[in-house]
C-alpha cells in the first residue's frame, strides 16, 4: 500500500482555493491542557504549504477522543488545539463551535484570504463514525440520509480536499471517505508515513528485525503472520510472550496474561517461522509483581523457575534484555510495535527502556528504525528519543493495519493519478 499512484498535496493546485483538510488532532489532554503536541506539529507542514501556495483558506477537521456522537464540549472540545495551533503557525486560527450546518457553511463560504479555520470535534455527530451511543449509553446507528447530509455539509467547506490524518487512515469514517470534491490529495504527513512503511515492507534492508510487544496474541495474529513473510528475525515480548512460553515450554506463568484464543495458533506461527527461516527470540527472565499495581511487591523469575501462583510477569529481566540487544545489533532495519513491559510504571519500565537504548544505538550506526505508533510512540516521547530513531509513526492502529498487509480506506479514497 503506497501513495505512488495517488494524488499528493505537492501536485495539487491550491492557489485561490478553499482547502478542507482532515487532520489528526486526537492529542492526549489532562485538565484541558495538551500533554503531547506531536500530532499537531506533524500537520503544520501541510497547512503552511497551502498558505504559502496562496490558498484562500484552510479549514481543518479532526476528532478528539471517543464522544460516540454526543456533543461533550467540556471534555472533548478542540478549542485548546486552536490555541496550540495559533502558537505553532504564528497566526490567528478561527475556532468554530460545530463542524457542519448553515453557520459553519457560512463562515467557510467566503473567508478572508489566508484564513485558518478549525472546526469542532467531528465525533460530536454520530454521522462521522456511522455509529455511537445515545446520552444513556445505548448503542445507536446513524441514519443513511443523515450521513449523506453530514458528508454533503463537509463537502461545502472547501473546493479541494486534503487528507493528512494518517492516524485515522484505517477508518472508513465520513471525513475520511465521504467528502465529495473533484480533487482529493494526501498531505505530507500521509505521504511520509506511507513512504516509510512501503519501503520497509516492499524493499527492506536486511537483516530485518520485527519487535512485537503488547498484550494479546489474538490481536496480533495477523501482524505476526504477515511479518513472518517479510522479516529475518522477530522478538516476541510483552504480555503476549507468556502465551507462547506456556504453550511451547509448558512454563508456569502464575496470573500473567494468558490468551486462550491466541494459544491455539502459537504452534502454527512457530512452524511458519521455522519454514521461513525466521529466528524468534522470546524472553527468558522476568520482573514479577504480586498484583497489577504500580507499587506492587516485585520479584524475579525465569522460564525454568516459572512464576509462582498469585504473581505475574510485568517486565522482562536482564538476561532477556541481553538477548534482545544481540538481535538488535544484527539488524539493518527494525520495525517495533508494542512495548515489552508495563513501561508506564517505573518498576516495570527497565526492559522497554533498555531496548529503546539499543534501538537508538542501532539508528546511530545507520540501521533504519521505524516505531509503530500507539504505546511505542509514547515510549519515545517519554524518553525523548523521537528524533533519535528514523521514524515515529503518528498512527497506532493505521500502522498496525499496514504491517498486517491491509488496504487503508482513507488512502484508497484519494484521487488516483
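Cβ atoms here come from the backbone N, Cα and C positions, even for glycine.
If you look up Swiss-Prot, you'll see 2 marked as N-acetylserine.
Less than 8 angstroms from the CB of residue 4 (phosphoserine) sit 198, each of them six or more residues away in the same chain. According to Swiss-Prot, the feature phosphoserine maps to 4 (among others).
Swiss-Prot lists 11 (among others) with the feature N6-acetyllysine, giving similarity to another entry as the kind of evidence. DSSP assigns residue 11 (N6-acetyllysine) to a helix in the three-state reduction.
Look at residue 23 ((2R)-3-phosphoglycerate binding site): DSSP puts it in coil. Around residue 23 ((2R)-3-phosphoglycerate binding site), a 10 Å sphere centred on its CB holds 30 further CB atoms from the protein chains shown. If you look up Swiss-Prot, you'll see 23, 24, 25, 26, 38, 39, 62, 63, 65, 66, 122, 123, 170, 171 marked as (2R)-3-phosphoglycerate binding site.
The N6-succinyllysine annotation in Swiss-Prot covers 48 (among others). Other Cβ atoms within 10 Å of the Cβ of residue 48 (N6-succinyllysine) number 17 in total over all chains.
Per Swiss-Prot, N6-acetyllysine is recorded for 48 (among others). Residue 48 (N6-succinyllysine) carries a helical DSSP state (H, G or I).
All protein chains included, residue 75 (N6-acetyllysine) registers 11 other Cβ atoms within 10 Å of its own Cβ. Taken from Swiss-Prot, the feature N6-acetyllysine applies to 75 (among others), supported by similarity to another entry.
Swiss-Prot lists 91 (among others) with the feature N6-acetyllysine. Sequence-distant contacts of residue 91 (N6-acetyllysine), defined by Cβ-Cβ distance under 8 angstroms and a gap of at least six in the same chain, are 114, 116. Annotation note: residue 91 (N6-acetyllysine) sits in a coil segment as assigned by DSSP.
What Swiss-Prot lists as N6-malonyllysine is 131. With a 10 A radius on its CB, residue 131 (N6-malonyllysine) counts 13 other CB atoms from all the protein chains.
The N6-acetyllysine annotation in Swiss-Prot covers 131 (among others), and the record cites similarity to another entry as its basis.
Taken from Swiss-Prot, the feature N6-succinyllysine covers 191 (among others), and the record attributes it to similarity to another entry.
The annotation CDP binding site is assigned in Swiss-Prot to 214, 219, 238, 338, 340, 343. In the three-state DSSP assignment, the secondary structure recorded for residue 214 (CDP binding site) is coil.
Here the Cβ of residue 375 (ATP binding site) has 18 other Cβ atoms within 10 Å, regardless of which shown protein chain they belong to. Residues or ranges marked as ATP binding site by Swiss-Prot on the basis of similarity to another entry: 215, 220, 239, 313, 344, 375, 376.
Residues or ranges marked as N6-(2-hydroxyisobutyryl)lysine in Swiss-Prot: 216 (among others).
What Swiss-Prot records for 267 (among others) is N6-acetyllysine, and it gives similarity to another entry as the kind of evidence. Listed in sequence order, 247, 248 are the same-chain residues at least 6 apart in sequence whose CB falls under 8 Å from the CB of residue 267 (N6-acetyllysine).
Here the binding residues for ATP are 215, 220, 239, 313, 344, 375, 376. Their largest Cα to Cα distance works out to 21 Å. Considering only the binding-site residues 65, 214, 238, 338, the Cβ with the fewest other Cβ atoms within 10 Å is that of 65. Its Cβ taken as reference, residue 62 ((2R)-3-phosphoglycerate binding site) is surrounded by 28 other Cβ atoms within 10 Å in the chains shown. For the (2R)-3-phosphoglycerate site listed in the record, the two most distant Cα atoms among 23, 24, 25, 26, 38, 39, 62, 63, 65, 66, 122, 123, 170, 171 lie 21 Å apart. DSSP assigns residue 338 (CDP binding site) to coil in the three-state reduction, outside any helix or strand. Other Cβ atoms within 10 Å of the Cβ of residue 11 (N6-acetyllysine) number 12 in total over all chains.
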